[in-house]
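K.L.:
Encoded as structure tokens, here's the structure I'll be asking about.
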Amino acid sequence: MSLEYGMPTVLPPIGPLFASSGSPTAALLAYESEEQREQYEEDMARYFGVPLPSFIRRRREEEAANLRTPTSVQPSSGFPTAGFPPNTSPVKKDGAKTKNALPLLQLDSPTQTDTNETEHSSPSGEEEKLRVSRERNRLHAQRTRIRKRELLESLKERIEALQDEYELLKQAYDFHATAVCLLRLGNVMDVPCVQKLEQVGVNSTEDRDEDGQLCEIVKPTSHESDGEADHEEAHEHEKGCACFGKEQTSESCTCVGAQLNANGKRPYSSTATNSNMLVCSKEERERVRRERNRLHARRARLRKKLVLEKSQQAVHDLRERNDRLRSRLSVLVSSIYGSEACLDDPDATS
């Protein structure tokens, strides 16, 4: 056999060739057992590619049948089904016991099982509900703050736009009023624009209407003082206060808010008060701290509310002022250029 490709030479088993002869070689190569002879014959058949002998195939089938599990054996009609086939496997016995016990556990009082599960899961369920509620409140408060901030910014932009518009209207009014004043200085008195100027007024800063009547200037009141007064009047007494349930306040009020000054702190008026604060309990200090934080938060909300209301009122006042000045300018321009002139004409306002 050639070795030019580097493959090893494999020789067939030659023991069966000398098995039937009486030579010394046959004595050396004699089979030790029947299994060894069958193994040699099987190796020879596999090497030369011939089928196995019939008795070797039959023995292999019998061994494979003996190795099968007895689970496929069905009980015959002559044997009782309860004890056949006999089961000696401890694993199957344990499995059978488990199968019998599990349905009893599953069907035994489902209401009681659900109650126990609810009792065990109720703390976590309450905590989850509380967490979801707090998260929802936090998101709602955040959206409210963002919405108020955007509203305040839009009001500020609107105020700036109205002020710019007022400056343009005032400049146009001063320009036309100056032209009419020059005509009046030239002894030109029979033109209607001179009479209209006397009616609407020369000064553009005067807040007049179309008939020339001065508008009353409403002086802004101190909203902060009013808010503080409302806060003092609307002060609600605590449950432990002696004035709880009464409309009028008295000197016997023991509320924490009544004991705090404008800065949200206790007034250090006497040594007795300081000593009382030092010797007060932890719960008392915590109550004072919460009341102080509550008052600070309430004042902050009132300040923001007042700023928002003032901005809205300023937008309303500026819009009305611009409308009055625009109407005065319209009357003056129509008296100069005729009734067909309007503020949209660039020649009339330039």
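A Cβ is built for glycine as well, from the same backbone N, Cα and C atoms used for every other residue.
Pulled these features from TrEMBL for this protein:
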type: COILED; residues: 145-179; note: coiled coil
type: COILED; residues: 278-328; note: coiled coil
type: COMPBIAS; residues: 68-79; note: compositional bias 'Polar residues'
type: COMPBIAS; residues: 126-136; note: compositional bias 'Basic and acidic residues'
type: DOMAIN; residues: 127-171; note: domain 'BZIP'
type: DOMAIN; residues: 283-332; note: domain 'BZIP'
type: REGION; residues: 61-136; note: region 'Disordered'
K.L.:
With DSSP as the yardstick, break the domain 'BZIP' (283-332) down into helix, strand and coil residue counts.
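P.N.:
Computed counts for the domain 'BZIP' (283-332) are 50 helix, 0 strand, 0 coil.
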K.L.:
Would you kindly list the residues that approach the domain 'BZIP' (127-171) from elsewhere in its chain, counting only those six or more residues past its ends and only Cβ-Cβ distances under 8 Å?
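P.N.:
Contacts with the domain 'BZIP' (127-171): 204-205, 304, 307-308, 311-312, 314-315, 318-319, 321-322, 325-326, 329.
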K.L.:
Using DSSP, how many residues in the domain 'BZIP' (127-171) fall into helix, strand and coil?
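P.N.:
Computed counts for the domain 'BZIP' (127-171) are 45 helix, 0 strand, 0 coil.
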